[in-house]
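Visitor: Mind having a look at this structure? Questions to follow.
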Amino acid sequence: MFPERLDAPQAYDIAKAMMDGFNRHYRLFRAESARAKHRFETADWHGQQRAQRERIEFYDLRVRECVRRLDKEFNAGALPMDVWHQIKLHYIGLMVNHLQPELAETFFNSVTTKILHRTHFHNDFIFVRPAVSTEYIESDDPGARPTYRAYYPSRDNLHETVVRIVEHCALQRDFENLPRDAGHVVQALQQRLGAVKLRTNFQVQVLSSLFFRNKGAYLVGKVINGYNELPFALPILHGEDGRLLIDAVLFGENDLQMLFSFARAYFMVDMEIPSAYVQFLRSLMPRKPRAELYTALGLAKQGKTLFYRDFLHHLRYSTDKFRIAPGIKGMVMLVFDLPSFPYVFKLIKDQFPAPKDTTREQVQGKYLLVKQHDRVGRMADTLEYSLVAFPRERFSDELIEEIRRHAPSQIEISDRDGDGRQEVIIAHLYIERRMIPLNIHLQECFDTGLDKPEARSALEHAVTEYGNAIKDMVAANIFPGDMLWKNFGITRNGKVVFYDYDEIEYLTDCNFRRVPPPRCEEDEVSGEVWWPVGPHDVFPETFGPFLLGNDSVREAFMRHHADLLDVEFWQSHKERIQAGHLYDVFPYDSARRFRCASPSSFQTQGDST
């Protein structure tokens, strides 16, 4: 119950201190995001990567700062609960007319849950449900930039309109030939529109801020004609001579889904009203959850908040039980899922059998490495949670026993909230998008019969994509470590993505070697490794026996990716990275690129990133 009167004098001051903490966080977050434009203009690629990594840490730093301030100035942990009721009410008042209220709610939750006992983690004390609407938020500042701009071209001046749209981005670097690039865009658009009649509402809406990631800047918008909307994005890159060019045009929901994939690094976007950007992006990608859009924009904590709300909603309206995930069980991670929910839940086992030589802390470090690194569309993002409570009745007994056997330190079953309901509390877990494990996908091809063209084509595509995934990770200085098929998954769009991170390494930390010649006949026929192997030694020519036991798989692999078995491939990329050269891995097929220019890039065969 909320109090009828706000009579605690310190309640407003605490609420104001928390809001000050959030405002400081978002001011710094937005400033760092806005600087991405200058880094792009000056081709500061290493600075861009460094900023993308460092910005991930901003949120937790600001939360800790705020907690320290509340403890020091207000002894917040000792306050009675009726004061915390009032603090939340004052905070709601401070969110009225705020431009980022949903982010401010999440910040309040993060601070409060570090101070209060878990029994108070419900809607009386934190924002389990949103308290302030994010619809139709607008800035009243006369100098504020609108969320998006609308343009009203005709067929006759479409070219001039495209030029004007790009010029409004105000990039402080010359284009190679903007009229030429605009011509390519118009030609592609006219091919999509065909002979369709342009209706009276024909317009182009474009988000005001560019989306920056690595070496690319992306202009995102949609074409509206009658009742139809066509999402699009224009990738802007540096050409070989340093001037800018439009590299391609992406059309439709699927292209935009690839651009905003959960397997890519987060964008840097200067947003005053992030909810308005998310609302616009959802009109382009209606199947993409808002949680994933906030995460793609670098607002990962908001993504976690929305994901958890979606998860609780799904639990309320489903009845199936959590189970051990199908597939080959891992030696490091215990994986379970809810069949009706498109995600998997992964927790680290307490002990690892040989030959695994790692620790819980090292595994967590690997997952953090992936979180902070450029995932190039080939490594699944993860949501990390602690002390997550699930209804006991939704867990199968088999799953409970599996967790108790392999990760007893990670599970507690109790009525911690005191409401009479037993809960399964998992101490620490990761959540990832569910994909079909690649080994299962290949087995389905075998079961269908490779004499059938569709099965053979699916196998060829999967094996080709597997090699492409490895090569894209190589381009980003990542060696996957355990390259078995079961550690890769295939998405609904047919992309192959890596998701097992416990053996991942920087490519530059690996020592790529050839297998030495046998010393004697016994060495030659031995099935064992007889030569000395260091902790970071990798022997690419030994990959074949582990990966290519099936003749059809081997044929497809050797046709497209035989170089992965050659030490020279790996060593050359290691040396290239050590020399400071960053390859480009873009989120669209190389066939989509305008052929008038080709900036230096790393394109895998059949690239579909």
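Cβ atoms are placed via backbone N, Cα and C, with glycine included.
Take a look at what Swiss-Prot says about it:
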ACT_SITE  Asp381  active site
BINDING   Ala325, Pro326, Gly327, Ile328, Lys329, Gly330, Met331, Lys346  ATP binding site
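Help me picture where these features are in the structure shown.
Guide: In three-state terms derived from DSSP, Asp381 (active site) belongs to neither a helical nor a strand segment and is classed as coil. On its own chain, Asp381 (active site) has Phe262, Ala263, Thr295, Val370, Lys371, Arg375, Glu432 as residues at least 6 apart in sequence with a Cβ closer than 8 Å to its own Cβ.
Within the same chain, the residues at least 6 positions away from Ile328 (ATP binding site) whose Cβ sits under 8 Å from its Cβ are Pro437, Asn439, Lys486, listed in sequence order. In the three-state DSSP classification, Ile328 (ATP binding site) falls within coil.
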Visitor: Using a 10 Å cut-off on CB atoms, tell me which of the binding-site residues Ala325, Met331 is the least crowded.
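Guide: With the binding-site residues Ala325, Met331, fewest surrounding Cβ atoms within 10 Å: Met331.
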Visitor: Counting across all protein chains shown, how many other Cβ atoms sit within 10 Å of the Cβ of Lys346 (ATP binding site)?
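Guide: So the Cβ neighbour count for Lys346 (ATP binding site) comes to 22.
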Visitor: Mind computing the max CA-CA distance among Ala325, Pro326, Gly327, Ile328, Lys329, Gly330, Met331, Lys346, which the record assigns to ATP binding, rounded to whole Å?
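Guide: It comes out at 15 Å between the most distant Cα atoms.
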Visitor: Using Cβ atoms only, which residues of the same chain lie under 8 Å from Gly330 (ATP binding site) while being at least 6 residues apart in sequence?
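Guide: Once residues fewer than 6 apart are set aside, Gly330 (ATP binding site) is near Asp500.
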Visitor: Counting only residues 6+ apart in the same chain, whose Cβ is under 8 Å from the Cβ of Pro326 (ATP binding site)?
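Guide: Correct list: Ile440.
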